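Listed features, source TrEMBL:
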- 70-89: transmembrane segment (TRANSMEM)
- 101-125: transmembrane segment (TRANSMEM)
- 137-160: transmembrane segment (TRANSMEM)
- 188-212: transmembrane segment (TRANSMEM)
- 224-243: transmembrane segment (TRANSMEM)
- 263-284: transmembrane segment (TRANSMEM)
- 296-319: transmembrane segment (TRANSMEM)
- 339-359: transmembrane segment (TRANSMEM)
- 394-416: transmembrane segment (TRANSMEM)
- 422-440: transmembrane segment (TRANSMEM)
- 452-473: transmembrane segment (TRANSMEM)
- 479-498: transmembrane segment (TRANSMEM)
Amino acid sequence: MNQSTEVDSCDYIVWLNKNLFQVSELPSPHWNPQVHLKSHLHLLACSRSTKRRHHHKVLLCTFEIRLSRFLTWLSISVQGNIIGSGIFVSPKGVLEASGSVGVALLVWLSTGLITMVGALCYAELGVTIPKSGGDYAYVKVVFGGLAGFLRLWIAVLVIYPTTQAVIALTFANYVLHPFFSPDLPPDIAIRILAALCLLILTFINCASVRWATRVQDLFTMGKLLALAVIIIMGIVQICKGEYYWLEVQNAFSNQRYPDIKLIALAFLQGSFAYSGWNFLNYVTEELKDPFRNLPRAIYISIPLVTFLYTFANIAYITAMSPQELLESNAVAVTFGEKVLGVMAWLMPISVALSTFGGVNGSLFTSSRLFFAGAREKHLPILVAMIHIDRRTPIPALLFTCLTSLLMLTTSDIYTLINYVGFVNYLFYGVAVAGLMVLRWKHPEIPRPIKISIVFPVTFVLFWAFLVIFSLISEPVVCGVGLAIMFTGVPVYFIGVYWENKPQSLENLMERMTELGQKLFMVVCPEGSPTPTSVEIKDKSKRAE
């Protein structure tokens, strides 16, 4: 094949009957692949002939259209996705479960350390199984299709839609707070603004990966500035002598006898604030030089977040007593009212900036998870397609936005988050356990990043402690979360495992896929399915 022909993304690979055939001649150097793709989409839409429709379908799958690799270590820095509403909400839950200021601060530090360990484990998984989709991709490869589908099912059904809806509602609440203070903002106004937030950020993510990452970078700087203000004011308070609750004899004065089950719940609350640490593994295929940028982002971001979270909590306790903190439903706002005086309005605005960036990051990662699931035939194939010009997963983004908007009609979504939060953390441990399984079954696999076995063992033991004692402490909440997850079992066997479906159903799905392609101007990206464990072994042998 002529390698000098200058045609963008047009190796002209024909995917037919699951085989690759290299075409002998490439098009003219002046040929525009995007225009050619659009013409075939139009002809596919207009053609009534079955043969012609098949011809255009084949040609529409002939181009190497990939997700754009625009993400650098700065764009993927984890603090932009970890720092959301958690640091402004979780301090109350951590302190309540810990029973004392000293134990609460130790929980924040320990959670940061275990998050670092988990992120390093995921870094090895990310380069060993270099597929977008995060723990879903890893669980599917190591433990099989059903386990992977259940992870995807609980994420699609509840985790991401409810999380995005709650963050958007938090954003709307804090934006409207200065306009309606001292009263609460109207519920309908909060929901409308939350929906508008979701729609704007979905449009940005559909339009360009660059736009989405720049929004993330911008609001990351804003939220870091807000935390910097809190920490600086905390230092000022300490200089004034306001550190009564930081003295050892007072910090560890328990209001009750320490309970190991409640300590587990404190870690669970802290882990919610750190959620987003595995964001990098959802966009592995879009990273520039992942072997270098993945560890760099982890080493810089997670220690920074741990520092900010710990010192923000120290700052909180310099301005409020433990009792005042526990009585506050908006810790940052209460802190601002006590310390900032006429500048107290800065806190609601800062929280709004933080949550806006949090919604953007959640949309970005969830759409990539749904994209990965559809590519593995666990979701409709249309969700795996990307725009021929913008290279963004528009159907996946729209699906994510729609499910989040539906959650805005439900008033009790916080309970749902409690149900599935337990299952979400359970799968973190399952994914890291998969790393140890791969080490044992396939030690010959090339691993550009290989960490000490102590790290995955430590992480799995921690999550076992967290899951077991959380189940003992909250059996109803955790049990319902497991029940929601296992409703995916019959869906898997009917929708995925059952291959010989009626032809009429297959034709209906095909027509719907074609309609989606015409509406969104999308095609299947170039790429092979996620390898099975056998394929991984064969691949490693060929590498030798």
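Glycine residues also receive a Cβ, built from the backbone N, Cα and C atoms like all the rest.
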In contact by Cβ distance (the transmembrane segment (479-498), the transmembrane segment (263-284); 3 or more pairs under 8 Å):
no
Against the transmembrane segment (452-473), which of these stretches has the most C-beta pairs under 8 Å: 101-125, 224-243, 339-359, 422-440, 479-498?
422-440
Answer yes if the transmembrane segment (188-212) and the transmembrane segment (339-359) have at least three CB pairs under 8 Å among residue pairs 6 or more apart in sequence, and no otherwise.
yes
Other than its close neighbours in sequence, what residues sit by the transmembrane segment (479-498), given a CB gap under 8 Å and a spacing of at least six beyond its ends?
145-146, 149-150, 153-154, 157-158, 377-378, 418-423, 471
Residue numbers, six or more beyond the limits of the transmembrane segment (339-359), whose CB comes under 8 Å of its CB atoms:
80-81, 83-85, 87-88, 164, 167-168, 170-171, 174-175, 177-178, 197-198, 201, 215-216, 218-220, 222-223, 225-226, 229, 233, 237, 276, 319, 330, 332-333
Who are the chain neighbours of the transmembrane segment (422-440) in space, where the CB to CB distance is under 8 Å and they lie at least 6 residues beyond its ends?
118, 121-122, 124-125, 128, 134-135, 138-139, 141-143, 147, 151, 154-155, 159, 268, 271, 275, 278, 453, 456-457, 459-460, 463-464, 466-467, 470-471, 474, 477-478, 481-482, 484-485, 533, 536
